[in-house]
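Annotation source TrEMBL lists repeat 'PPR' at 87-121, 122-156, 157-191, 192-226, 227-261, 294-328, 364-398, 399-433, 469-503, 504-538, 539-573, 574-608 (among others).
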Amino acid sequence: MELFSWTGSQKGYRHSFESYQILIRKLGSESEFETIDRLLLQMKREGICFKESIFISIMRDYGGANLPGQTTRLLLEMRNVFSCEPTFRSYNVVLEILVSAGCYRVAANVFDDMLSRRIPPTLFTFGVVVKALCGVNEIDSALSLLRDMTKHGCVPNSVIYQTLIHSLSKCSRVNEALQLLEEMLLMGCVPDAETFNDVILCLCKFVRINEAAKMVNRMLMRGFAPDDITYGYLMNGLCKIGRVDAAKDLFSRVPKPNIVIFNTLFHGFVTHERLDEAKSLLSDMVKSHGLVPDVCTFNSLIYGYLKKGLVGLALEVFRDMRMKGCKPNVFSYTIFFDGFCKLGRIDEAFDVLNDMSADGLKLNTAGYNCLISALCKEHRVTEAIDVFKEMPRKGCKPDAYTFNTMIAGLCEVDEIEHALWLHRDMISEGVVANTVTYNTLIKAFLRRGEIKEARKLVNEMVFQGSPLDEITYNGLIDGLCRAGEVDKARSLFEKMLRDGVVPSNVSCNILINGLCRNGKVEEAVEFQKEMVHRGTTPDIVTFNSLINGLCRAGRIGDGVAMFEKLRDEGISPDTVTYNTLMSWLCKGGFVEDACFLLEEGVEEGFVPNCRTWSILLRSLVPQETLDRQRFYEAVL
């Protein structure tokens with residue numbers, strides 16, 4: 001630098017552009033950027049004509065020094081300070097540096113500036129900008145850019161298509177990714193293995209396993225090998241939809257399966273209770289491939305044994321796991337925890353909790369949820385509350401499922417006030433009360449007949465933004481019917497339709513039963529016709545309610561006709577149907593018809609229960625011997 005300054009100071013000598021460029025390149029390699037800035041200003045004072053190449057060199061040095069912001073500054077100064085018009089070359093360098101540094105937004109702005117100055121972008125420009133837009137999830141803008149390329153005389157290449165397909169797959173836009181892959185092939189661009197893998201993984205996430213399997217075949221036909229992640233995802237997807245044999249075939253095509261691939265198929269065998277094949281695979285894994293089972297392998301086998309109730313074998317695997325130096329993790333204990341809870345062996349679940357603590361492990365929220373749920377099912381709510389209170393002390397925060405389980409458990413034992421207190425505590429803890437929470441509390445109040453309190457909760461539910469679902473409406477309609485407010489129940493059903501909640505058979509049956517119980521059987525019959533018109537098929541519960549309602553209204557003949565109608569529609573009468581109609585026939589003095597009905601039912605496979613015999617005996621005892629004989633014949 002001293003020599004450069006000395007020679008420049010000599011009389012009659014002036015440095016050329018090339019001299020400055022050589023020095024600036026040397027300084028750039030050593031990140032002497034302040035000196036470079038002084039030299040650029042010196043060049044300007046000396047009236048040296050700038051060339052774009054010197055700025056491109058400096059920009060690359062800024063990129064190498066991880067100073068992407070300086071490249072945009074220099075791009076502006078090229079024109080404004082040094083009167084050197086940047087071409088697509090300068091813009092491409094700046095864009096590349098910005099995108100490499102993750103400055104996607106800035107890159108998009110630089111591209112806009114490039115277009116506004118009518119500087120024609122190149123194929124390279126488009127590739128870099130598409131990557132930038134995808135980096136900030138502006139995929140639609142990137143797709144628009146793809147369509148605009150031809151206007152600038154550019155044809156998309158494999159890199160651009162691959163970038164877009166990767167981003168679409170990452171954002172779960174699988175159909176668009178598939179369409180773009182097809183377009184890519186039609187355009188003569190060759191996708192790489194990663195592109196296929198991206199699409200296959202996305203298909204597997206949406207459980208479109210058959211399409212994913214076909215994509216693997218296409219991939220293999222083109223000479224590409226799926227990676228371990230792809231094989232794992234596809235095998236896992238096949239196992240999830242019950243195609244374990246297909247997963248097994250795919251496994252045989254994996255060149256060098258690793259432990260993850262083995263575990264995927266192993267877990268598939270275990271989940272579908274094919275334990276013998278799972279054990280055979282485990283043996284092959286160790287003997288033929290030299291792989292050592294890891295904690296995931298052992299956890300899967302433990303889960304399989306517990307699922308079948310084979311606790312002894314599960315414990316044996318657990319002991320074997322320890323002996324082989326494989327340390328159990330939280331999931332190992334959680335599997336036991338869940339298994340014991342589902343089997344109703346809660347005390348043993350508590351023993352597992354103690355063992356976990358001894359191993360220095362803490363139960364996670366899912367594990368606590370299992371225990372609280374099991375305790376509530378056994379109506380051991382006091383113990384469930386103790387466990388619930390222990391969670392924060394153990395550094396484990398209750399989630400919506402925890403609160404909902406506790407609220408349901410308290411409501412089951414009619415501790416509604418305590419459940420409401422817990423509901424308020426839930427909100428104060430920042431846990432969002434959802435539709436399940438409100439439905440549980442509403443159902444509890446309706447069971448008590450406290451419709452007013454239930455309505456308050458509905459209002460709060462709407463205010464909090466929790467949508468009313470079919471369960472909410474069903475509970476309210478049933479509660480109103482039980483309170484004799486069937487007109488309000490009918491209005492609520494209509495509101496349910498207006499709100500876009502599609503009623504199921506259960507919803508319709510609740511209202512039909514309510515109308516019948518409240519003496520509005522004709523309205524119930526008409527509603528049943530409306531129900532069919534809306535596309536809801538009546539079931540045995542529908543007909544049972546109508547038969548009972550018609551008979552209760554003294555219309556036994558219509559009840560018998562309804563019985564015949566249900567059989568005409570291919571619905572088999574159940575015990576409730578026979579007992580209901582026989583009871584009303586006997587009450588109406590048609591005991592012989594009741595006996596004929598029983599005979600006919602037995603011939604068609606109906607198995608009378610104690611209620612059936614009780615109905616007939618009460619009616620037949622005062623009757624003549626003929627009736628008794630018919631009764632005994634029916635019994636025999």
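Just so you know, the numbers here start at 1 and follow the chain as drawn.
Every residue, even glycine, has its Cβ placed from backbone N, Cα and C.
Bear in mind that TrEMBL entries carry predicted annotations, made automatically and left uncurated.
Residues 88, 91-92, 95-96, 98-99, 102, 104-105, 107-108, 111, 114, 163-164, 166-168, 171, 173, 176, 184, 187, 189 of the same chain lie 6 or more positions beyond the ends of the repeat 'PPR' (122-156) yet place their CB under 8 Å from a CB of it. Taking H, G and I as helix, E and B as strand and the rest as coil, DSSP gives the repeat 'PPR' (294-328) the counts 26 helix, 0 strand, 9 coil. For the repeat 'PPR' (157-191), same-chain residues at least 6 beyond its ends with a Cβ under 8 Å from one of its own Cβ atoms are 123, 126-127, 130-131, 134, 137, 139, 142-143, 146, 149, 198-199, 201-203, 205-206, 208, 211, 222. Shown for the repeat 'PPR' (157-191): DSSP residue counts in helix, strand and coil, namely 26 helix, 0 strand, 9 coil. Across the repeat 'PPR' (504-538), the prediction's mean pLDDT works out to 90.
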